[in-house]
Each structure stands twice: as structure tokens, then as C-alpha cells.
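Taken from TrEMBL, the feature signal peptide applies to 1-19. According to TrEMBL, the transmembrane segment annotation covers 37-55, 90-113, 125-144, 156-174, 194-219, 231-248, 260-279, 311-329, 386-407, 427-453.
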Amino acid sequence: MCTPCCIAQLACCCGSAACSCCCKCCPKIKQSTGTRIMYALYFLLVTVLCAVMMSPTVEQALKENIPFYAEFCQTVNAGEDCKTLVGYAAVYKVCFGMACFFFFFCIFTIRVNNSTGCRAAVHNGFWLLKFIALVACCAGGFFLPNESTFLEVWRYIGAVGGFIFLLIQLMLLVEFAHRWNANWYSGVKYNRLWYAALAFVTLVLFSVGVGAVIFMGIFYTHPEACLLNKIFLGINGSLCLVVSLLAISPFIQKLQPNSGLLQPGVITVYVMYLTFSAFSSKPKEMVVIDGVNTTVCVFPFNSGTESDKKIVTGLGTVILFGCVLYSCLTSTTRRSSAALRVCRNTEPETERARCCFCFGDDTEEYDEEQTGSGQNVVYDEREGTIYSYAFFHFVFFLGSLYVMMTATNWFHYDNHKIEKLLDGSWSVFWVKMASCWVCLILYMWTLVAPIVCPKRFVA
């Protein structure tokens, strides 16, 4: 019964066939979606490996639970207790291999416009062979000569790529805010309940934003310290108010009738999140209170134990890498690529108000292939690719650099541990604070661009 399914899985691993699950009860999956999920799994696997390499807790557990650990490390020439396989240098080398893997496929898939060619077949299949190639790339980083020179140069390349990836994330956020408003506003024409939904969500977003300002004002400022926190909280809060008023100003409404408070509400919440994250990442400040050195401008944990911090760190890490995967996957859709000016969206803009507006309609009819007793695969790229293969791999290339810099605490990598990922440093503080301002500037530009460059926005 399972023989056809097993053969299909072998074809998926070693041939050009699309991947599917062995379970027939799984819903049908598009070929393009399955391909992107497989690359995302590769990316996530290497990301987890980087986290393990930066964790002394895992290193200690390996020493205690693996028999003949020291002898094994000597056998593979990994140094005493496998020191060359842990730490920031090891993360740099592994991420170098992953970045090379995605960069090669970026070059390899340039100008692939349909899924019937040999290059498209390699992109959509041969998963076992590509996994072996990824492992070889990551392992090859440990054999690079002139390690000190490589680490120094690669650090700055990683910083540039990480900043570009951050910029893409922020552009996608702005595009997400505009799309949300446009989608729900289109429903107002035939059902006034969508207007009520817009008003309710907008109220919730601004309530969260104002609550965040009050929260940070209470816990992350102090009368005798934390001057930067006070200044930047005031600046970011004021800028959020400015863009909100700008979005509903008469001269913006004249050119963009759909512009409302939903978009600045989304931007405000995200900016407040980045501000909170920046304050949490700043090195702790201490003042003398009643003759005792006291840490100020930090959120007090009730229990005072390390378990609370580990939970917060773990949750923050999951959210962080979830955002990375979301950016890598959504930035390659036609609509997002057009917003990023990577490709021109020639499809007509037809909006149908939906609660889950992020997901496109699945009403199109495509050819299906019955995979034995397994999952059905929908071949949605027979007429042409629905996303840019080259740009897809380029975003994952940039994501590799961003993960590398984030896992190693950007430029403060000495003695860094993954358990202290959210403790941060001054470099992390300034990166997040700069991200707030870039996000606000990008959104403000989308509002004033039709005024500054009217010819580019003429229908």
C-alpha cells in the first residue's frame, strides 16, 4: 500500500519530483509552497545548529553524556573538547557555508521563468543531494585558510547583509500595513461591518501603542538615570503621533483616499516593540539608592530566578527566528516583490475582503498529481513561475548573514552565549533603535511619495 508513496519520496529526494507528505489525509499542497517550505527547513536546521554552537549549556551536556567525548574531538582534529566547533568563529564558518549555498542557487536560477527547464527541476527537487551539498558547504568553512583574516572580513560582510535584510523586513512591514487597510477597506463597499472591524482593530492597535509608552515610562526610565531611554522614548512616541496625523491629513487624503489610521497603528505597535527590545538590550545601568548599588531601568522579575529569564530568552528567540522565516518566505511573492521593486506586478489588483488576507485565494484550478497513497501535489507553475527563484535564494542568503550577526550579538561577540541573546549590547541597542527610525521614514515616504513624485503614481 505504501510502496507508491515511498517511491514518490525517493523521487523527491533524488529526482526532480515535487515533495509531498506520506499521509494521504494531509491537505493538497502547491509545488511552489512545498519547495519554499523545504528550503525553510534547511535554513531552520542550520539556524538551530548555530544556536547549539553558541550554547555552553549544550556543550556541557555533550561532555557529560557522550562517551569518549574528548577522544572523539581529538580524532576529528576539533581541538580540546571540540573547542573549534563551538563559539562565534564556528557560527561564522557554518553561516558562511549556508550563505554560499543560497548564493550559488541565486546565481544558478537567474532568469528562470518556468518550471519545465532543468534549472527549475534542480530548484524544485533533488532534496537529498542538495542537503548533502549544504552539509559540505557548512563543513568546508572549517577548512578555510587564514582564519583571523576571514573572520574579520566576513564580520563586516555579515553586518552589511544583515542591515539589508533588516531593511527588507521593514519594507515588508509597511507593505503589510497598506495591504491590510486596502483589503479590509474594499469590504466596506458591500458590508459596513468591515468598517466596524477597521475601527475596532485600529483602536486596539493604538491602545497597545499607548500602553507600551506608559509601560516603558514606568519600568525603563528613572529620575536619576537612563537619559537615553527618556530621550528615545519621547522621540519615537512623538514620531508615531506625527505619522498618524500625517496619514489622516487633508492633503494626504486627497491623493490617497484609503489612507487611514490602521496603517500608522501597525507601525506604532512595531516601533514600540522595537523600542522595548532596544531598551531591554541596552547594558544595565546602576545608581546608588540609600547607599546601595541598584540596577535601574529593567523589568523586575517576580521570582528573581534564572528560570524566568530563560523563558523570556527562549520565547524571544523563537519570535526572532519566526520573523526571519516569515520575511524570507513572504518577500518572494509577486505582490511583495513588486512592493520591494524586485519585479513588476502585472496582475490586476483585485481585492476581496478576508480576515486572513495574508493568504491568497486558492480558487485557481491547477493540475493535480495523485502521489500513490500520499499527499496530492498541485502543480501551480506549469504556465510560469509564481515567484522569483533567484530573489528567493538571495533573501535567504541575506537571512543567513542576519542570523549569523544576531546569534553572535553583532559586534559584541566575545564570550557571548546564546542564553544571553536578549541581554544585548550597545551595538544591538543602536541597530534596533535605527530600525525604528528607518521604519517610520519608510512609512512616511509611502505617504508623501505621490506628492513628491506625482508622475510615478499616475494610473
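The backbone N, Cα and C atoms fix where each Cβ goes, and this holds for glycine too.
Only sequence-distant pairs (6 or more apart) were considered; of these, at least three Cβ pairs between the transmembrane segment (37-55) and the transmembrane segment (386-407) are under 8 A, so the stretches are in contact. Between the transmembrane segment (260-279) and the transmembrane segment (90-113), the number of CB pairs under 8 angstroms, six or more residues apart, is fewer than three, so the stretches are not in contact. Just going by CB pairs under 8 A, the stretch in 90-113, 156-174, 231-248 that sits most against the transmembrane segment (125-144) is 90-113. Looking at 90-113, 194-219, 231-248, 427-453, the range that has the most CB pairs within less than 8 A of the transmembrane segment (156-174) turns out to be 427-453. Sequence-distant residue pairs (6 or more apart) of the transmembrane segment (231-248) and the transmembrane segment (427-453) include at least 3 whose Cβ atoms are under 8 Å, placing the two stretches in contact. For the transmembrane segment (194-219), same-chain residues at least 6 beyond its ends with a Cβ under 8 Å from one of its own Cβ atoms are 181, 184-185, 187-188, 229, 233, 237, 240, 244, 260-262, 265-266, 268-269, 272-273, 275-276, 279, 297-300, 353.
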